[in-house]
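Asks: Okay, so TrEMBL annotates it like this:
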type	residues	note
REGION	70-90	region 'Disordered'
TRANSMEM	97-119	transmembrane segment
TRANSMEM	140-161	transmembrane segment
TRANSMEM	173-192	transmembrane segment
TRANSMEM	271-292	transmembrane segment
TRANSMEM	298-317	transmembrane segment
TRANSMEM	346-367	transmembrane segment
TRANSMEM	379-399	transmembrane segment
TRANSMEM	411-429	transmembrane segment
TRANSMEM	441-461	transmembrane segment
TRANSMEM	473-493	transmembrane segment
TRANSMEM	505-527	transmembrane segment
Amino acid sequence: MSFLNCTSFGMRIFFVTLIEQESSLQLIQRRTPRLGAICPGSHSYSTFKPSTKPSLCILSWIQGLRTRGCGAPAGPPRARSEHREPPGPTEVSLGPAMLVTAYLALALLLAACLGLELSGCRAKPLSRACCNPSFLRFQLDFYQVYFLALAADWLQAPYLYKLYQHYHFLEGQIAILYVCGLASTVLFGLVASSLVDWLGRKKSCVLFSLTYSLCCMTKLSQDYFILLVGRALGGLSTALLFSAFESWYIHEHVARHDFPPEWIPATFARAAFWNHALAVVAGVAAEVVASWLGLGPVAPFVAAIPLLALAGILALCNWGENYDRQRAFLRTCGGGLRCLLSDRRVLLLGTIQALFESVVFIFIFLWTPVLDPHGAPLGIVFSSFMSASLLGSSLYRIATSKRYHLQPMHLLSLAVLIVVFSLFMLTFSTSPGQESPVESFVAFLLIELACGLYFPSMSFLRRKVIPEMEQAGVLNWFRVPLHLLACLGLLVLHDSDRKTGTRNMFSICSAVMVMALLAVVGLFTVVRHDAELRVPPPAGEPYAPEL
C-alpha cells in the first residue's frame, strides 16, 4: 500500500508541475493541503491515504451532509485559511440583480418559445406517420431510452465548472481538465463509427450508460488524476451518444420495420425539440438539487447515474441488436480528405464549422466564471441558454416556412453576425474593474440564439454539399481543427492572467468569428446561384429540419 500511495502522490505532483510550470514551488506550497483526495462533504484532509473508491466517497458525502447541515459548503476548516486562494466566486457578496434577471429571462424566453411552437402546431397538418400505431410504438421505444440518455447528459452541464471550483482547483487546472475532455472527444469520435459497427449498436448504447455512469462517479473524488480519467470517459461517452443511438434507430427503421425513409426526419425533428426541452428541465433540476436543497455541485452528477442505469436497462431489455459492415477507417478518412480538397464549397463549410464551433466550446468554458461571482443561479442560467437556443430553432423553422421562405445560407450568415456582435459586447462587459454581468448574460443569450439558427442551417447545407458516402470521413476532418482550436484557446487562457485573460479570450474569439464571417461571405459568393442549396417550397407535408 505504501508503494501505491507514493505512486499516487507522485502522479499528483507531476500534474501540478505540468500545469503551473512558471510558479511550481509556490503552487505546491499552496495546493499541497488540497491535493489529498477529499470526499465531498468531508472536512478532513488525507494526503497520505486518499479515498478513491466511489462507494466510500458516496458514504462520506452523505455522512457529511448529515453532520454539517445541507447548506454548509464542503471545504477545509477555517484554521487552514492561510493556505487558501483569495476568495473565490462562492465567497463574493451576492446581489439580487443577476438572480432576478436570470429568472425573468427564463420566463420570457419560455413564453416566446411556447407561443411560436403553438402557432407552428396550428399551421401543420397531421402527417401519415403520426397516424400509424406501429410507427408510434417504435418511436416510443427509441425515445424512452434516448431521452433518458440526453437528460442525464444535460443534467451535468450547469455545474461542471462549479464542481471543479468547489474542489479548490485553479482556473488553469480546470482548463486542462476541459482540454482533456475535448481531446478525448476528438480521438474517440474518429473511431466511434467503426467501434459501433463492430461492437453492435445496442451493445454500444449499453456501453455508453456504463462509461458515463463511471464518469459521474469520478466526480465524487477530488483527486486530480481521477478527474482526468473521468474527462476521458466523458469523451468516449459523448462519442457513443452521438453515433450509436441514431445509427441503431435508422437501421431498425429501414431494415427491420420497413417504414418509409421519408419518416426519419420527422423522428429527429421531434427529438431535436424535446432535446431542447429536456435541457431546460435539466437545468432547473440541477439548480434544485444543488442549490435549493443545498446538496452541493456534485449532486447533479449523482442524480444522473440512475437515469443512465435506467437507459441501459431499457435498451438491454427492449431493443434488438443490429450491426453494419465495418468500413475501413483509413479509406473513410482518405475519401473524406479528397472530397474536402476537391470541392471549394466543402472546404469553406468545414472552415466555418471549425471556427464557429470552437468559439462555442470556449464559451461553454467561460460562462460560469463570468456570471457565478455575481450570484447567478447556474441551473436557471443554463435553462435560459437552452430556451434561447430553442427560440432560435423555432425562428429557423418559421423563417424557412412558406410564408417567409428564407434560405439556410441567409440564416447561417445571420447567426455568425449575431455571435460577432455578442463577442464584441463581451470584450467590454468583462473589462477588469468594470464588469457588467447583466450585459454579459444578454450577450451569452444572443450566442445561444445564434446557435439555434446555426445548427439546423449547417445540417441542411452539409447534407446538400457533401456526398452521402463521404459524410463520415469529411465530418472527421471537420472535427479535428474544431477541437484543436478549442484546446488551443483554453491553453492560451490557462497561461494568461485571470483578471485580463477572460477579456483577452473574448477578443481573440471576436477575431476568430470575423474570420468565420469572411468564410461565410466566400461561401455565399460561390453558392449564390446554386439552386441545390435552396429549401424547396413546401408541398404536401411540411418541411422539418433534421437534428
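All positions are counted from 1 along the displayed chain.
Cβ coordinates are placed from backbone N, Cα and C, and glycine is handled just like the others.
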Asks: Can you say which of 298-317, 411-429, 473-493 has the most Cβ pairs under 8 Å with the transmembrane segment (505-527)?
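Replies: So the stretch in question is 411-429.
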Asks: Any chance the transmembrane segment (271-292) and the transmembrane segment (140-161) are in contact, meaning at least three CB pairs closer than 8 A with a sequence separation of 6+?
Replies: yes
Asks: Counting only CB pairs under 8 A, let me know which of 97-119, 173-192, 411-429 has the most with the transmembrane segment (473-493).
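Replies: Most Cβ pairs under 8 Å with the transmembrane segment (473-493) come from 173-192.
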Asks: Hey, which bits of the same chain come close to the transmembrane segment (173-192), Cβ under 8 Å, at least six residues off its ends?
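Replies: Hits for the transmembrane segment (173-192): 15, 18-20, 161, 164-165, 224, 227-228, 231-236, 238-240, 242-244, 329, 333, 361, 365, 476, 479-480, 482-484, 486-487, 490-491, 493-494.
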Asks: Mind checking which residues reach the transmembrane segment (411-429)? Cβ under 8 Å, same chain, six or more beyond either end.
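Replies: Those are 352, 356, 359, 370, 392, 396, 399-400, 435-437, 439-440, 442-444, 446-447, 449-451, 453-454, 457-458, 461, 503, 506-507, 509-510, 513-514, 516-517, 520-521, 524, in sequence order.
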Asks: Out of 97-119, 140-161, 298-317, 441-461, which stretch has the largest tally of CB pairs under 8 angstroms to the transmembrane segment (379-399)?
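Replies: The listed stretch sharing the most Cβ pairs with the transmembrane segment (379-399) is 441-461.
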Asks: As a test: from 97-119, 140-161, 298-317, pick the stretch that has the greatest number of Cβ pairs under 8 Å with the transmembrane segment (441-461).
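Replies: Highest pair count goes to 97-119.
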